[in-house]
Amino acid sequence: MKCLQTTNQTQHQGLCKLCIIYIRLEVLLEFIFAKIGNYCTLTCPLCWHTFALEWRKAHSTVFLQLLNSLNVKEISVKIFEDFTRTWSWILIGLLLAMLLSLLFLLLLRYVAGILVWILIVGLVSIIAYGIYHCYTEYDMLKKKGATIQTIGLTAKWSSYGSVKETWMVALIVLCVAEAILLLSLVFLRNRIFIAIALIKEASHAIGHMMSTLIYPLLTFILIVICVAYWGMTALYLATSGEPLFRVAPTNHSDPGCEKYRGNESCKPLDFNASASLPCITECIFYRYNDEGLYQRNLFNLQIYNIVGFLWCINFVIALGQCVLAGAFASYYWAFNKPQDIPACALPSSFLRTLRFHIGSLAFGSLILTIVQLIRIVLEYLDHKLKDSGNPVAKFFLCCLKCCFWCLEKFLKFLNRNAYIMIAIYGKNFCVSAKNAFNLLMRNVMRVTILDKVTDLLLLFGKLLVVGGIGTLSFFFFTRRIPIENPKFKSPVLNYYWLPILTVVVGSYLIAQGFFSVYNMCVDTLFLCFLEDLERNDGSQEKPYYMSKSLMKILNKKNKKAKDK
């Protein structure tokens with residue numbers, strides 16, 4: 001719908017006045033209304049400000065009609081009512097998620113071994129069933145089914161389900177995966193036992209330092225501060241120019257309004273509406289002035305703001321990893337546990353990190369920020385070249401995006417282990433990264449087994465917490481749990497899915513925070529364990545600091561040292 005002079009005037013009555021509000025959020029609105037695709041042409045006197053804003057799509061009647069059809073005001077009132085009725089029950093659900101996550105982590109010291117083997121057997125069984133299903137489908141389609149030559153390449157993925165080659169490829173992939181998994185269980189079972197022992201030890205460490213579970217809250221607060229500062233800075237930069245106003249008629253059909261084409265500037269304080277009678281005019285905000293030193297360099301300043309934002313976010317995450325690593329390392333290197341464990345391990349690690357390791361963390365964060373900035377530039381180029389039709393450029397751009405995605409993942413892994421080595425030995429980032437990388441490469445199979453076993457266990461934990469609390473909240477808020485006391489019944493809701501979704505998302509964030517601490521604990525204890533093996537030999541001068549269960553698995557013991 002183009003806004004032409006022949007357009008019904010009642011359809012636009014008051015519409016362009018709303019643009020006064022919308023123009024202040026022009027970046028967001030331009031994205032939203034670009035999806036609708038409607039715009040006002042230069043010939044529309046009611047949309048006068050589009051002259052200099054170059055066909056801006058920021059005020060479509062379709063959008064207003066959409067808002068009216070959705071009854072946004074009525075829906076927002078109902079949503080607010082549901083939250084006021086259920087906020088206490090939502091908090092109870094989040095508290096249950098916190099308790100369940102904590103209980104799961106603490107019980108791992110007792111059930112980690114059984115749980116890991118149950119999950120491994122379950123994974124083997126699932127793959128075995130997949131092999132059986134693929135074989136039956138392949139056998140059924142072998143004689144009467146279509147072939148890949150018959151259907152060719154098609155965009156309908158469902159068509160490949162009737163092709164025997166599809167099931168044959170899936171069968172081969174699953175057989176290879178099953179063979180690798182079974183061979184790993186046979187020849188790498190000792191490393192699985194080590195991974196289980198480290199997981200149990202991590203549960204013991206968290207049990208002795210419960211304050212570490214609260215630290216993700218501090219990280220979250222710091223990230224919120226960084227996001228708020230970045231948003232405010234970006235907004236101030238975008239509105240740093242002087243606001244400009246222009247004269248616009250309220251109704252172009254009024255007599256004497258033909259001469260106003262949106263070219264006359266005005267000042268709200270000095271504007272005299274009676275001077276244009278009989279045409280009724282207004283002095284309306286147009287845009288911000290883009291002239292001046294700051295305005296000419298606005299794009300560069302926004303880029304600088306984005307770089308600072310990414311750097312701050314990466315630094316906050318690095319700070320949390322180093323602080324937690326220092327706390328858990330102090331647990332491992334305590335010879336007599338729990339007597340030698342520091343009383344305030346987390347605060348001591350936090351202060352030590354702030355005093356000695358800020359530069360190393362900032363350097364590691366900067367390297368990661370540069371790679372992320374390159375990825376943003378590549379995404380921008382990909383967006384610009386989407387309709388270019390140049391397959392060679394798209395191919396090279398896709399390869400670059402893939403390479404830098406892999407590089408970012410590798411740097412995150414390397415930085416994480418470098419921060420652990422910084423917390424243990426206090427050396428600079430480059431030395432710590434080199435030592436961590438060499439140590440992990442010398443024990444690559446142990447790293448792989450521990451990483452996969454931990455990921456499998458924590459995935460089960462997240463599913464248990466989120467699925468359990470989500471199911472409970474569903475039955476509660478839909479009033480399917482028979483409760484006689486009205487005080488403990490869910491109130492009648494307009495949208496029962498709203499508190500359920502809130503509880504599920506909150507439970508996931510809580511579980512993610514708890515399990516991220518646990519994952520950091522496992523990684524820290526693992527590096528300490530590898531250092532312990534390489535630097536110590538069990539003698540009185542160099543005793544092992546590992547637990548008795550780990551020494552038993554490795555057939556190690558301290559010769560004349562006190563038992564741990």
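A Cβ is built for glycine as well, from the same backbone N, Cα and C atoms used for every other residue.
Automatic prediction, not curation, is the source of TrEMBL annotations.
According to TrEMBL, the transmembrane segment annotation covers 87-107 (among others).
What TrEMBL records for 114-132 (among others) is transmembrane segment. If one looks beyond the transmembrane segment (114-132) by at least 6 residues along the same chain, the residues whose Cβ comes under 8 Å of a Cβ in the stretch are 108, 170-171, 174-175, 177-178, 181-182, 185, 192, 195-196, 199, 453, 456-457, 460.
What TrEMBL lists as transmembrane segment is 167-188 (among others).
The transmembrane segment annotation in TrEMBL covers 209-232 (among others).
Residues or ranges marked as transmembrane segment in TrEMBL: 303-335 (among others).
The transmembrane segment annotation in TrEMBL covers 356-378 (among others).
If you look up TrEMBL, you'll see 419-437 (among others) marked as transmembrane segment. Tertiary neighbourhood of the transmembrane segment (419-437): same-chain residues 318, 321-323, 325-326, 329, 349, 353, 356-357, 359-361, 363-364, 523-524, 527-528, 531, selected by CB-CB distance under 8 Å and a gap of 6+ residues from either end.
Residues annotated as transmembrane segment in TrEMBL: 457-477 (among others).
Look at TrEMBL and you will find 497-518 (among others) tagged as transmembrane segment.
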Intrachain neighbours beyond the transmembrane segment (303-335), with Cβ under 8 angstroms and 6 or more residues off its ends: 202, 205, 208-209, 212, 215-216, 218-219, 222-223, 226-227, 229-230, 233-234, 237, 341-342, 345-346, 348-350, 352-353, 357, 361-362, 364-366, 368-369, 372-373, 376, 415-416, 419-420, 422-424, 517, 520-521, 523-525, 528-529, 532, 543, 545-546, 561-562, 564
Leading contact stretch, 87-107, 167-188, 457-477, 497-518 vs the transmembrane segment (209-232) - CB distance under 8 Å: 497-518
Residue numbers, six or more beyond the limits of the transmembrane segment (497-518), whose CB comes under 8 Å of its CB atoms: 79, 82-83, 86, 89-90, 93-94, 97-98, 101-102, 105, 202-203, 206, 212-213, 215-217, 220, 324, 458, 461-462, 465-466, 469-470, 473-474, 477
Beyond the flanks of the transmembrane segment (167-188) by 6 or more, those residues with Cβ under 8 Å of it: 120, 123-124, 127-128, 130-131, 134-135, 137-138, 141, 445, 449
